[in-house]
Each structure stands twice: as C-alpha cells, then as structure tokens.
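Trainee: After the structure tokens below, expect a handful of questions from me.
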Amino acid sequence: MAVNLSRNGPALQEAYVRVVTEKSPTDWALFTYEGNSNDIRVAGTGEGGLEELVEELNSGKVMYAFCRVKDPNSGLPKFVLINWTGEGVNDVRKGACANHVSTMANFLKGAHVTINARAEEDVEPECIMEKVAKASGANYSFHKESTSFQDVGPQAPVGSVYQKTNAISEIKRVGKDNFWAKAEKEEENRRLEEKRRAEEERQRLEEERRERELQEAARREQRYQEQHRSAGAPSPSSRTGEPEQEAVSRTRQEWESAGQQAPHPREIFKQKERAMSTTSVTSSQPGKLRSPFLQKQLTQPETSYGREPTAPVSRPAAGVCEEPAPSTLSSAQTEEEPTYEVPPEQDTLYEEPPLVQQQGAGSEHIDNYMQSQGFSGQGLCARALYDYQAADDTEISFDPENLITGIEVIDEGWWRGYGPDGHFGMFPANYVELIE
C-alpha cells in the first residue's frame, strides 16, 4: 500500500522548508508513521545537528531523517537523507515500508547523500561527514583568502637522496643471496641423488629376484637329476631339462646383450611352449585325417602337455612301443561317445597317429618328475612363499602364507590349483612349498 503524505501535509512541508532554509536555525527533521498505518507524521525537529538527530532514532520504528550539514571541504551546506529501519521492526513491516523509500526521497528532494541505516554504527556523525566529504567531488574551499606572497628569507639547500654505498652491507646482501641459492641447489641435488639411489635399489632388488628364481630353477633341476641318478633310472631331464635351461639362458643373454631388460622366466616358458606346440602340429600327418572327430582326439594329447587340463594318457611299459597307443585312442573314443558317434566302417580309414607317441615323451617326463617328488599330481596343498599376481585370467594370485588347494602338477615349473579366492588357475611352482 502506498505511503500517505496528504493527511499531515502542511506540518510535513513546514518541517522540510525550515531545514532547507539556510538562515533557519533548524537543521534536522525526523518523520515516522502513525502507529501501523502508512500515514507519515513529523516525529521531531532540532538545531543540534547530527549528534542530536542520532539520539532521536528509535530501534523499533521505521523513520526518515532529513539533516543539513556543512561540507568540510567547501564549507557549503549539504543535505543528508537517512532511511532508518530499526532492528526491532518485524519482517512484514520492513517489506511494506521498503516500497515507500522512493516516495519519501521525492518528497524530501535535494539530498546530496542518502544513507540506509539499520544500526547505530551506520549513523555515526564521523561516518556521515566522511561520506559527505567524498560526495563533494573536489577538495577546495570558498570564501577563503589565498595567502599572499611572503618573503621568508633564504631557503635551505635542497636535500639529496643519494646514499653512499656501504661495501660491507652490500657484501652481506650478496652473500645472503648466494647462500640461499646454494642451499636450493644442494636440496635439488639431494632429491636427485635420493631418486637415483631408489632407482638403483629397485633395479638391484629386481635383479636379485630374477637371479634367485633362476638359481631355484637350477637347483630344482639338479635335485631332480640327482634323485633319478640315485634311483638308477634314466633321467628324462637329461634330454629335455638341459635344452630348456640352455634355451632360457641363451634368451636371457640375448636380451642382456641387446641392452634390454631380461624377460620374466614365465614369459620364456610360454614362448618355448608355443614353439613346441607349433612344431608338434607341423610334424603330424594331416593328410591321413579325414574325420573332425578323430582330429579332435589326436589334438587332445597335444594339449595335455600344455596348460589345459586333460585326461592322463597311459604310458607304455619298458620294451613296449606300439601296443598302448590304440588303447589310449579307444579310451578317448569311449569318453566322447555321448557327444560324437563314429560309424564302425570308418575305423579302417584312420591310422595310428605318431603324435600320441611324440607327446608321450613329454607326459612321461612330467610323470617321472611327479613320482620323484613323491606326489600324484592331484589333491595336493601348498603354502605360498612369495606373493604372486596373475598376468591373465588363466593364472591365480596369492600372498605369502596363503594356502593353495587341489593342486595339479602339469609341468615342472608351473602347477594348477585353487587360490585363496577360489579361482582355479596356474601359478609358478617355485613360489610355493608343499604341505605334507
């Protein structure tokens, strides 16, 4: 609702005119509302300036003050309009009276400075006069005679800003700068040295770990050969172990001579295994294979030497060369009968593949190693000596002291079993020890 200035219009106009009249002793007027209505009335006038006006402000009301002050720069009269909203006024009243500010500014026109105040700190006389001085725009004064030229006698010589250079202080300043520069350089060198030592230590530990793995593999091979020599049996490792060790050593020397880091022994083993699988497939006779079912049967013994789990192939006894192979083939056919059905008349079209005999040597080598160690290859448990992280999903990860169950010995250097998380996969044999 709009503010009402007509009800007490003559009194309001008289108070305003008395303030703006320069020769009038009245220098301030205070206006407020009549109760909770929007009618404006004169709350009071005075001649005491800002100090007296501030004392009349009520913290529980909305009031409008109009005051005449003297500009400290020019000495001319200036008018100040104060929109006072006390801290005790409720929010509804504050919102309603906020729309009346522009109407009151139009009525009390001619104000040079307008101040919106809520607390006593906002209406301190010093603060108001400072705002009036800033609003004048220039520091000048009227009605003041300028001082005429006066002969004050001879003036003193103009002082110089030159300062004599102090060699000692200059040396100290330069020395201080050099000291901090040297300290920063030493700190940088120290950090670089620590980084270099850490890198050397890491490389040394990595080299020791690789050497330890190679030594453990060599000791395991040597122990395997000694056990076979003590038992009087021919050592298969004399035919397979030494070429494998020589291949690993030769690959390691090639990498070191090329200036590169030697690969992990497991990677060398994988490369050797892939090469053996390729050679075995090439040496077979694909011209005699006319059935996909028989081709699958012939490739199953090939994968038994690798990492995939397959049924164990029976080994021929001493002095027997050709008899056990058909029994192995027939047993494989018996296991596959629910899925594949081979006509009887096709049996005469296939000959006994030499691939089974070629892979028999590898299986015999693994079985001899298993028998020499005193375990059957399945249902074993082992405790982890070192931590190992799986390189892919066919391997398992474990930490020291973890138990690995259901171990299957598929190779001298790689076994399979269930890890701590229940995942079944391969792991290096020299990272664990069997539990009796």
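Each position is counted from 1, following the chain as shown.
Note that Cβ sites are derived from N, Cα and C of the backbone, with glycine treated the same way.
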Trainee: Looking at S37, S141, S277, which one is marked phosphoserine in Swiss-Prot?
Mentor: S277
Trainee: Going by Swiss-Prot, point out which residue in T21, T26, T165 is annotated as phosphothreonine.
Mentor: T26
Trainee: Going by Swiss-Prot, point out which residue in Y305, Y340, Y418 is annotated as phosphotyrosine.
Mentor: Y340
Trainee: Across the domain 'SH3' (377-436), what does the pLDDT come to on average, as a whole number?
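Mentor: In the predicted model, the domain 'SH3' (377-436) has a mean pLDDT of 88.
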Trainee: Rounded to a whole angstrom, what is the C-alpha distance between K176 (N6-acetyllysine) and S160 (phosphoserine)?
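Mentor: Answer for this pair: 29 Å between alpha carbons.
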Trainee: Check each residue in the chain of T26 (phosphothreonine) that is at least six apart in sequence and keep those whose C-beta is under 8 Å from its C-beta; list them in sequence order.
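Mentor: For T26 (phosphothreonine), the qualifying residues are A15, R18, V19, T45, G46, E47.
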Trainee: Are there any residues in the same chain, six or more apart in sequence, whose C-beta is under 8 angstroms from the C-beta of S160 (phosphoserine), and if so which?
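Mentor: Spatial neighbours, sequence-distant, of S160 (phosphoserine): none.
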